[in-house]
Amino acid sequence: MNSAHPCCDPVTCKPKRGEHCISGPCCRNCKFLSPGTICKKARGDDMNDYCTGISSDCPRNRIKK
């Protein structure tokens with residue numbers, strides 16, 4: 001990760017104080033996206049996947065039953 005990233009502490013390259021995340025499908029402008037924000041659209045047998053609001057990662061694929 002580039003230490004010049006605006007969300008990144010230049011010494012530790014962890015999120016700066018008051019910021020939640022540096023990157024990821026559920027991270028924008030150093031903050032987690034709101035719960036329910038689509039991070040991966042449905043395709044084939046998959047269903048939409050949604051951000052949780054507490055992580056920068058997109059949850060694992062949900063499959064239609």
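Glycine is treated like the rest: Cβ placed from N, Cα and C.
For Cys7-Cys30, Cys21-Cys27, Cys26-Cys51, Cys39-Cys58, the entry in Swiss-Prot reads disulfide bond, with the evidence type sequence analysis. Marked as domain 'Disintegrin' by Swiss-Prot: 1-65.
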### Query
Counting only residues 6+ apart in the same chain, whose Cβ is under 8 Å from the Cβ of Cys58 (disulfide bond)?
Gly24, Pro25, Cys26, Cys39, Lys40, Asp49, Cys51
### Query
Using DSSP, what's the helix, strand and coil tally for the domain 'Disintegrin' (1-65)?
0 helix, 13 strand, 52 coil
### Query
What average pLDDT does the predicted model assign to the domain 'Disintegrin' (1-65)?
87
### Task
Give the sequence-ordered list of residues that share a chain with Cys30 (disulfide bond), lie 6 or more positions from it, and have CB atoms under 8 Å from its CB.
Pro6, Cys7, Pro15, Lys16, Glu19, His20, Cys21, Ile22
### Query
Do you know which of the disulfide-bonded residues Cys21, Cys26 has the most other C-beta atoms within 10 angstroms of its C-beta?
Cys26
### Query
Under 8 Å Cβ-Cβ from Cys27 (disulfide bond), six or more apart in the same chain: what's there?
Cys7, His20, Cys21, Leu33, Ser56
### Task
Using all protein chains shown, find which of the disulfide-bonded residues Cys7, Cys39, Cys51 scores highest when you count other CB atoms within 10 A of its CB.
Cys51
